[in-house]
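Quick look at what TrEMBL lists:
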DISULFID  C172-C193  disulfide bond
DISULFID  C271-C292  disulfide bond
DOMAIN    4-122  domain 'Ig-like'
DOMAIN    126-221  domain 'Link'
DOMAIN    226-318  domain 'Link'
Amino acid sequence: ENGPRLLVVAEQAKIFSHRGGNVTLPCKFYHEHTSTAGSGTHKIRVKWTKLTSDYLKEVDVFVAMGHHKKSYGNYQDRVFLRGSSENDASLIITNIMLEDYGRYKCEVIEGLEDDTAVVALNLEGVVFPYSPRLGRYNLNYHEAQRACLDQDSVIASFDQLYDAWRSGMDWCNAGWLSDGSVQYPITKPREPCGGKNTVPGVRNYGFWDKDKSRYDVFCFTSNFNGRFYYLIHPTKLTYDEAVQACLKDGSQIAKVGQIFAAWKLLGYDRCDAGWLADGSVRYPISRPRKRCSPNEAAVRFVGFPDKKHKLYGVYCFRAYN
């Protein structure tokens with residue numbers, strides 16, 4: 001009872017990285033009024049968990065006590081303690097995935113004493129709104145999650161949508177977020193989007209039934225390990241011809257998340273409309289100009305044309321090994 005109190009601290013509250021990178025989440029432990037890491041009478045147990053969006057559940061990431069170490073789920077073989085000193089409980093995450101974004105808790109336990117620190121892992125990336133061929137407001141929450149995964153992305157968090165709004169994102173259709181809420185970002189208030197006299201902001205519809213309620217979705221993606229490109233082809237193509245043309249070129253037809261990542265993170269600019277994997281036709285403009293999105297930089301959406309009869313170019317993606 002009278003011994004020095006265990007303290008756990010994170011030197012940085014936020015860490016920034018990107019998909020495919022490696023990152024260190026800082027965490028160290030001390031005893032109050034001493035410079036020693038532990039009392040020596042109890043083994044130190046370090047546990048890392050990921051906090052979920054509802055803040056009630058935690059996902060196990062890594063546990064270590066002495067020589068015993070264990071990682072869990074998608075983190076297996078990707079996480080380990082840095083251990084630069086005897087009081088270093090920092091966690092290294094390798095080959096970062098989109099799903100790794102979020103808040104992590106470092107807990108250190110020694111005998112009856114324990115303390116925690118929380119570190120947020122933010123990823124460089126882009127948020128984009130998504131609705132399927134069926135049209136506006138056709139996805140329940142679970143379908144929204146799958147739709148994002150199918151397009152090389154994950155369902156966005158509120159913080160990611162908020163950052164996108166601060167960067168100028170304006171979208172009038174409400175979409176699911178990872179916490180189960182339905183929201184949309186408005187930078188230019190107008191009558192069909194909450195009224196022209198309201199203030200700009202992220203509008204919140206609240207939490208809805210994940211099985212029965214239907215909205216669009218906001219997805220988040222980061223950089224990729226590959227090459228995104230417009231395929232130079234002598235003729236325009238139907239959708240099936242576009243799929244085969246990419247395969248013949250040693251690639252696959254690109255996904256919506258990949259065109260947004262190439263546009264936002266690499267500055268990709270092409271005025272040619274092209275097929276994507278979901279059957280939509282889009283083109284990325286980073287330098288607005290006459291006939292090519294003259295008013296704004298954007299990924300322009302042409303629509304979901306007839307796959308069998310409409311002819312367009314195609315965007316392909318070749319993954320690097």
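Counting begins at 1 with the first residue displayed.
Note that Cβ sites are derived from N, Cα and C of the backbone, with glycine treated the same way.
The model shown is predicted, which means the values in this text are computed figures rather than measured ones.
Overlay of TrEMBL annotations on the structure.
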| residue | record | CB count, 10 Å |
| --- | --- | --- |
| C172 | disulfide bond | 14 |
| C193 | disulfide bond | 18 |
| C271 | disulfide bond | 14 |
| C292 | disulfide bond | 15 |
Cα distance (Å, whole number) from C172 (disulfide bond) to C271 (disulfide bond): 25
Tally of DSSP helical, extended and coil residues in the domain 'Ig-like' (4-122): 6 helix, 61 strand, 52 coil
C292 (disulfide bond) and C193 (disulfide bond), distance between Cα atoms, whole Å: 26
Integer Å distance between the CA atoms belonging to C292 (disulfide bond) and C172 (disulfide bond): 22
The domain 'Link' (126-221): DSSP-derived helix, strand, coil residue counts: 19 helix, 30 strand, 47 coil
Local confidence of the domain 'Link' (126-221) - pLDDT mean: 95
